[in-house]
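Record features, source TrEMBL:
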- B:34-56: transmembrane segment (TRANSMEM)
- B:68-86: transmembrane segment (TRANSMEM)
- B:92-116: transmembrane segment (TRANSMEM)
- B:123-140: transmembrane segment (TRANSMEM)
- B:171-191: transmembrane segment (TRANSMEM)
- B:212-237: transmembrane segment (TRANSMEM)
- B:296-316: transmembrane segment (TRANSMEM)
- B:336-355: region 'Disordered' (REGION)
Amino acid sequence: MTEPAIRLQAVSRRFGALQAVRDVTLDVMPGERRAVLGPNGAGKTTLFNTICGDYPPTGGSIALFGTDITGLRPHQRTRLGIGRTYQTSLLFNGLTVLENLFIAVRGLRPGRFSFLRPGRGDEGVARARELADRMRLSHLLAAEVLNLSHGQRRQLEVGMALAGDPRVLMLDEPAAGLSPGDRPELLRLLRELPRSLTLILIEHDMDIALSATDVVSVMKDGVVVVEAPADRIEDHPVVQSIYLGSGH
Amino acid sequence: MRSRAAPWSLLGLAVLLALPWLLPQLLPQGQAQFWTASILGRAIVFGIIAMSLTFLATYGGFVSLAQMMIAGIAGYTLAIFVEGAVPRVVGLLGYGAAIPLALLAATAMGILMGAISLRSRDIYLLMITLALGMGVFRFIETNIAWFNGYEGIRNVVGPSLFGLDFRNALVFYHAALGTAALLYFGILYLVKTPFGLVLQGIRDNPRRVAALGYAVGLHRIAAFGVAGFIAGCGGVLSTIYNIGISPGSIGLGATVNILIMSVIGGLGHPIGAFIGSLIFTVLDTFAATIYDRDRFNTLIGLAFLAIVLVSPDGAIGVGARLRRLLTAQPRPASRVCGEVRSRPPSTRTAKEEPP
Ligand SMILES: Nc1ncnc2c1ncn2[C@@H]1O[C@H](COP(=O)(O)OP(=O)(O)OP(=O)(O)O)[C@@H](O)[C@H]1O
Ligand SMILES: [Mg+2]
C-alpha cells in the first residue's frame, strides 16, 4: 500500500477557549486533488496552518509521506515538500516579481545568508524566471508587486508556493476576489500542475473547487462532516443544508 | 536584479568631486573655500551618519535613534587609542590602526543594538534605541578615566594621506566625499543581494520571510551591524573634522538632528540622507545671517514642517513629484515609507495573525 501524502490523525487546534479544529482525521493520497469546503469560520485555514506549521496543532499528529512532521518548524516542512498560499496575500510589496520569487527559491537552498549579488548563471534566479514563466508573469519580472493586479498577485502567490518544488501544494482560496475574467486563467493554471503533485484546495467558488478536484471534504465548526467524491458532493444532504440552508 | 540609476549618480559624483574648483568660478575666493570646508564637508559627514539611519529605515523598516551614539563610539575609540590626542588615554596607535579599530567598535556596537532591540518594532524600537543612545551618552559624559567627562578628547588631527594632510580642507573634502560615495554605492549594491532582498522582505512581511526558511533575527542584527559600520565612518570623519570629540556631539540634540536630516531628505532612498544634511547644514550656517543665531530652531522647524506637509516622503519626494508634473506621468504607487512600510502588518494578515 502506498503511504498517504498527508495523514492527519485526530488533529486539533485551540486558540484559548476556541476549538478551531477538532479531532480531524483524514488521508490525502499522492497525486490526489482534494477540496476543503465549508462556511466561514469552519476552521479550513486553521487546518492548513496546522499542516504547514504556522500554527502547529495542539493535539494529534501529522505525517507527510509517512514522516512525522508534527513538531517541525514551517520552513522545515517547506523543505520536506509542502508549499502553500495564503488567504490574504503575503507578498513582499516593495520588491519586484522576480525578487519575490527569488527570495522564495533561495530560502530553500544553502547560502541563504549572503552579501553577494547572484551572478549571471545563478540557479536561483534561473529557477525564479522559470516559475514566473509557468505563472505567465514573465512580462512583469521587473514590476513591483505593489503595482500588480489582484489576479497577478494570486498567480505570483502560486508561483512562490511552487518555489520549493513541493510534493504537496495547498492553496487557500486562490480565486477569492478574482474577477470572472481571471477565473478561467486560474483554473487552467491549476489543471496544468503536474499530475504527481498532491493538491489541497480551499475554495468558496464551487465551480472551481469541483472542476479542479476529485475528492471533497466539508468542514463545519472545526470538524470534517462529509468526505465524498467531487461529482457526488452537491447532492449530499449535509452540504445542501450548509450551503443552502444556512443561507451562505 | 540590477539597479538603473547608476549613470546619474556617477554624474553627480563627478560634479561634487570637481566642486572645489568650480565654486571659485561662481563665488568670491573666500566664500568658495567656506562652502567647501564648512558646509559641504560637514554636510557629507553628517549625511553619512544620517544614511545609516536611512538605510535601516528604508530597507528594514527599523527607525533607530542610536546611530549618532554609534558614530560617537567610533569617534571616541579613535580619540582614545590614537597617539597625539589630549588628554592621552591609551594613545598607542597610529591612524592606520586606530581608524579600523574605531570602525570595528562601531560595527560591534551596531550589532549589539540590533541584538538588544531584536524583538521590538515601530515606536518601541524607536524608544529602546533612544534609551540606549542616551544611556551611553550619560555614561560617557560622567566617565573621566576613559572619556574625560564632559570636556571630551581634543587634538585628533587626522592622518596624512600620501603626504596630503587631512587638515587641508580640500583633502578632507575629498576623503569625506570618497567615503560617502563608497558607502552609498555599497548600499545600492547590498540591497540587491540575498541579504538586502531578505531585509526588504522583513520590512514588508517578517512572518513570510521566516516561513520561507530565513533567519529573521540574523538578518536584522546584520543590518544593524552594517548601519553601525556606516555610522562609524561618519563618526571617524566628524571627529577628525572637529579635531576631537565631546559628549555634546552625541547628545539628544545631535541625535534629533540626525533624525531631522533623514526625514527632510526622505526615507525612500539613501541619497535622501545627503540632501537632508545639506539642507540642514545650509540652514544651520545661514540662520545667523538670515535671522539671528537663536532662531535656528525655529527655522529648521519651519523647513521641517514645510517639507513634511508638502511631501511626506521628504525632499526626494518633492523631486519625484516635480518630475511627474513636468512629464505628466500618472502617479505610481509609492514604495516610500508612508504607504508600504508604515501600514501595520495586522492589516495585511488580519486573518492569520492572532490579535
Ligand atoms: N490566529 C488565530 N487566533 C485566534 N483565533 C483564530 C485564529 N485563526 C483563526 N481563529 C478562529 O478560528 C476559527 C476558524 O477560523 P478559520 O480562519 O480557520 O476559518 P475558515 O474556515 O478559514 O474561514 P473563512 O472561510 O472565513 O476563511 C474562527 O472562529 C477564527 O476566528
Ligand atoms: Mg480561511
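Each Cβ is built from the backbone N, Cα and C atoms, and glycine gets one as well.
Whatever TrEMBL says is automated annotation, not expert-curated.
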Checklist outcome for this item: Stretch winning on C-beta pairs under 8 A with the transmembrane segment (B:123-140) (pool: B:68-86, B:92-116, B:212-237, B:296-316) is B:68-86
Item to check | Surrounding residues of the transmembrane segment (B:92-116) on its own chain - C-beta under 8 Å, 6+ positions past either end | outcome: 64, 66, 69-71, 73-75, 77-78, 81-83, 128-129, 132, 158-159, 220-229, 231-233, 235-236
Checklist entry - Top stretch among B:68-86, B:171-191, B:212-237, B:296-316 for CB pairs under 8 A with the transmembrane segment (B:34-56)? => result B:212-237
Checklist entry - Considering pairs 6 or more residues apart, do the transmembrane segment (B:68-86) and the transmembrane segment (B:296-316) have at least three CB pairs under 8 Å? => result no
Checklist entry - Which bits of the chain, at least 6 residues beyond where the transmembrane segment (B:171-191) starts or stops, bring a Cβ under 8 A of a Cβ in it? => result 3, 5-6, 9, 13, 16-17, 20, 36-37, 40-41, 44-45, 47-48, 51, 55, 59, 158, 161, 164-165, 197, 199-200, 226, 230, 233, 237, 240-241, 270-271, 274
